[in-house]
Structures are given as C-alpha cells and as structure tokens.
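Student: Once you've had a glance at the structure underneath, I'll fire off some questions.
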C-alpha cells in the first residue's frame, strides 16, 4: 500500500513540474505591463527593438520557442527565466 501511495505521489509531482510554463512580458510598446503565460514548448522570452526611420524605435516583447536571427534594423535579445524581458 505504501508503494502504491509513493508511486501516485511521484507521478503527480512529475505531472505538476512538467506542466509549468514560462511567463513573459507581452506588449508592443515601451511600457510593458501585460504578463503572458507562454504556450507549451515556448521556453524563452524575447525583446525585439526595431529601428524605423520615420517613427524611431518600436519595442515588441513576448514568448518564443527558438532564437531567430534578427532582421534588418532589428536587435533581439532572449532570456530563459520568468518575466526576464521587462
């Protein structure tokens, strides 16, 4: 009986640990207050700064699954802890 109980506790613990998702700031402006629960597999937060000749700089923050190469006039940083892209 103790073995069965221990097995159930271990399975429950593994289920809870594997179900935790990253949280990241998610917005399209300089002031970023929204926190997003990332989808499964998205273990990175990013901050993308886009330089535009007309409007200056635009900042986008959110969740990502992989690190992508920045485009022209972009600077992208990635991090792997909760809300690290603030």
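Quick reminder: no glycine exception, Cβ is built from N, Cα and C everywhere.
These came from Swiss-Prot, pasted as-is:
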type     : residues : note
SIGNAL   : 1-19     : signal peptide
DISULFID : 24-45    : disulfide bond
DISULFID : 38-63    : disulfide bond
DISULFID : 79-84    : disulfide bond
Student: How big is the gap, in Å, between the Cα of residue 38 (disulfide bond) and that of residue 24 (disulfide bond), rounded to a whole number?
Tutor: 7
Student: Can you tell me how many other Cβ atoms are located within 10 Å of the Cβ belonging to residue 84 (disulfide bond)?
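Tutor: Result for residue 84 (disulfide bond): 17 neighbouring Cβ atoms inside 10 Å.
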Student: Under DSSP, is residue 24 (disulfide bond) part of a helix or a strand, or is it coil?
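Tutor: DSSP call for residue 24 (disulfide bond): strand.
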Student: Closest of the disulfide-bonded residues to residue 79 (disulfide bond), Cα to Cα, picking from 24, 45, 63?
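Tutor: For residue 79 (disulfide bond), the spatially nearest of the disulfide-bonded residues is 45.
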Student: Taking only C-alpha atoms and a 10 A limit, tell me which of 24, 45, 63 are near residue 84 (disulfide bond). These are the disulfide-bonded residues.
Tutor: 24, 45
Student: What does the structure give for the C-alpha distance between residue 45 (disulfide bond) and residue 63 (disulfide bond)? Integer Å is fine.
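Tutor: Pair distance, Cα basis, whole Å: 5 Å.
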